[in-house]
Structure formats: structure tokens, C-alpha cells
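Engineer: Got a structure here, written out as C-alpha cells. Questions coming.
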Amino acid sequence: MHEQEAYRSLRHNVRINTIQGIFAVLAQNLTAPFIPLFAIKVLEASDSQVAWLSSLPALTGILVLLPGALFIDRLVAKKKFTASMIYLRGLFFLFLAILPFLSLELYWMAWMFVLFVGLMNIPFSMYQLSWQAFIGDVIPASQRARVFGTRNRITQGIGTITTVLTGILIYVYGGAPWAYQTIFALSFVVGMLEASTLMKVKEPMVTTEKKMHSLGELWQVLQREQRFLIFALASAVFHFGWQMAWPLFNIYQVSPDYANMSALWVSVITVCNSVMGVLTYPWWGKVAQKIGHGWTLSIGTAGLATAPLLYSLTMNVWVLAAFNLWMGIFVAGTVQTLFNRVLEVSPDDKRALFIAMHSLVIGMTAIFAPQFGVWIMSLFDINFAFYISSAIRLCGSIALGLVVIWELRRARVGKREL
């Protein structure tokens, strides 16, 4: 009887997890692809301001990660806190919606927009950290690849449709500010629905154990987790190369000096990237089950190393759309596998703190990498910056593969000692 109840509870949680993921991707895809477009086309943001759209959220996220992780790690029940962070993030979408009503010059309005986007990442970072630790308790490790493969395939499909419809809306109305205000307001509503759905998850009873209470204790534990430290270093190398191209892609796609895409073309590019995720998420899940999350992540990141190089070849929007079909395959593999890989290298009893430490590492790179990318572009040109990004990404991918080799060798040594 107990096993039947556990099975029913798991099925319920998997279903609610998928519905919550649908609302999460709706809120994300209503706004995320069009935030740089709004900044550049409507607010006439400079290259530096576009770079800060990537760097400032990383900075604000870092400021709350460790205190937040220490707090979350003490929580026995994480569901209510996770939902509250979704509610709080939704309020910032309302702030973005009313921004054009303020009597400010475009220059200062652009900085205000950057500030709101940065501050919005505080509750979002807390939500991500809490949700990852929470869902790690809800979904057994043996089921995660299958469950998240299905979840990602469904949410990616819905997110693709959302992006297309949003791009059409903005395009039809000529990129008017009120069109962007509408999607920001809709994101607020969807966020409220997401939080309400999350509250329906049946949270398992987690046994309370001694929690760490200081950063000093955290540092002592980190020193003992050599596997995590090596992985985090390799991940940081890849993420620096990944993140340095983010503002470059935005500038390249939207700026009149380069591809000069409309909202419709931005949505097409996003859809081309996403549709391959819908098609390949199940395949990546099977690959991870067969060869492990470590090798799968190394393959996915190697594919992403080709993205900046491909962008440097053309400004033709049709060709760029085709390139995004290719890139979408590896985005799906990287995003899906990275989460499971972090869980894999983190101790079960201190999962929230180690997730936070990994987020802290890639958050640090996210502060400096976009600025570095724009700086390289200003010294040379955008194509040279793309080349550097591809090279660093490839180095990171190789490093992630070397971590797997190190793990296998250590495991063999351990078996011989037994």
C-alpha cells in the first residue's frame, strides 16, 4: 500500500512539475527574447548598456546566492519559499510595464530598464536555487533524466509557440512601446499562475540533519569535495566563453550596423533554436542514460563552441536562422544535462549549498564575460570577439571531458584498493 501511495504521489508531482514548467517557460518566452530588442530599438540603448543587461543580473544574483543558500539549506520545507520568489519576480514585470510612462530621457530610461532587469534577478536567482534543491527532493535521481526530458520537450514546444505569437504581435504593431508593455504585464499574470501551480506539488517529508551555519564551515566542506571543485572550474571556463557572446549576439542580430532584425525575425531565430530542443530533448536524455551526464555535457558544450564562429560568417537572416537550427541541438543537450550534472557532483545532504556555489562561480563569470566580449569587439571587431568566444567554449568543453576521465580513473583506483 505504501508503494502504491508513493507511486501515485510521484505521478502527481511529475504532472504538476510539467504544468509549472509550462507556466515558467511562458513567462520566460514572453519577455526574454525581446528584452534586448526593446532596449536597442525603443530605448536606443548603447553597446555598454546592452552588455550590462547580461552583467547586472549576474552581479545581483551573486550578492544573494550564498546568504540565500545558507537560508534555503536550513529549510526543511522549501515549497512556500520557492513560490514566494516567483510572486516577487512577477512584480518586476509590472515595473517594466509602467516604465515607458515615466517622464525620463531615453538615455536614463534605458539605464532604469537595465536596473529593473538586474534587480529582477534577485528573486529569480533565489527561486532557481530553491527550486533545484526542492525538485531534487521531489523527483528521484533515477527518474530525473526521463522526467526532465519529457518536461523540457513539452515546455520547449509551448515556449516556441509563445515566442512566435509574441514576435508577430510586436511586428504587426510596428514595435510600439505599448506592445512590449503588454507582454510584460502578461508575464506578471503567468508568473502568478506558475506560483499557484507549484503550491500543488506534494512535498516529501525530509529528515532534518545538522546544517552548516557559517561560511567557514561551508569552505571546509568544499575543500573535501574535490570532484565538485574540479567540475566547477571546468564549468567556469566554458561559461565564460558562452556568456561573453551573449551581448554580441544581441547586438549582431538587432543593431542596424549588422543583421538589423525585426521582432518577427528575432522570434524566428528563437524558434529555430527552440524547435531543435523539442525534437532532441528525448534523444539527449537517452544519451545521458547511456554514457552518463558528464560525457553528454562535454558533447553538448563542444557543439555550442561552433555557434559564435558560425555567426561570424554571415549577416543573412535566413542563413542565421539555419545556423540556429544547428545550435539548438546543443543548447538542448547543454541546458538539460548541466542541471543533472550539478546534482550528480553535489553531496545529497548539502545540495542547495553546492548548487549555490556552482551558480556563484558561473555568476562571477557572467559579470565579467559580457563586458569582456564588448571590450574585445571595441578593440578589434565583432567577428574577432566571436572567434575568441568559440575558442574559450571549446577549451571549456575539453576541460569538462577531462573531469569525466579523472572521475573514471579515480573510481578504478578505488576499486583496486578494495
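Cβ coordinates are placed from backbone N, Cα and C, and glycine is handled just like the others.
TrEMBL does not curate its annotations; it predicts them automatically.
Annotation comment: TrEMBL describes 21-40, 52-72, 84-102, 108-127, 154-173, 179-201, 228-249, 261-284, 291-311, 317-340, 352-378, 384-406 as transmembrane segment. Residues or ranges marked as domain 'Major facilitator superfamily (MFS) profile' in TrEMBL: 229-418.
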Engineer: Should the transmembrane segment (52-72) and the transmembrane segment (317-340) be scored as in contact, given a threshold of at least 3 Cβ pairs under 8 Å and pairs 6 or more apart?
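Structural biologist: Judged by the Cβ rule, the two regions do not touch, with the required three close pairs absent.
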Engineer: At a Cβ cut-off of 8 Å, and with pairs 6 or more apart in sequence only, do we get at least 3 pairs between the transmembrane segment (84-102) and the transmembrane segment (179-201), yes or no?
Structural biologist: yes
Engineer: How about the transmembrane segment (291-311) and the transmembrane segment (228-249): do they have 3 or more C-beta pairs under 8 A, pairs 6 or more apart in sequence?
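Structural biologist: Touching, yes - the transmembrane segment (291-311) and the transmembrane segment (228-249) meet the threshold of 3 or more Cβ pairs under 8 Å.
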Engineer: So, do the transmembrane segment (228-249) and the transmembrane segment (21-40) meet, by the test of 3 or more Cβ pairs under 8 Å (sequence gap 6 or more)?
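Structural biologist: Checked: the transmembrane segment (228-249) vs the transmembrane segment (21-40), no contact.
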Engineer: Near the transmembrane segment (317-340), which same-chain residues lie under 8 Å Cβ to Cβ, leaving out any that are not at least 6 residues past its ends?
Structural biologist: 132, 144-145, 148-149, 152, 156, 235, 253, 259, 261, 265, 268-270, 272-277, 280-281, 284-285, 287-288, 293, 296-297, 299-304, 306-307, 310-311
Engineer: Is it true that the transmembrane segment (21-40) and the transmembrane segment (261-284) have 3 or more Cβ pairs under 8 Å, skipping pairs fewer than 6 apart in sequence?
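Structural biologist: Between the transmembrane segment (261-284) and the transmembrane segment (21-40), which are separate recorded stretches, there is contact, as judged by 3 or more close Cβ pairs.
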Engineer: Do the transmembrane segment (179-201) and the transmembrane segment (154-173) come close, with at least three CB pairs under 8 A (pairs 6 or more apart in sequence)?
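Structural biologist: These two segments touch.
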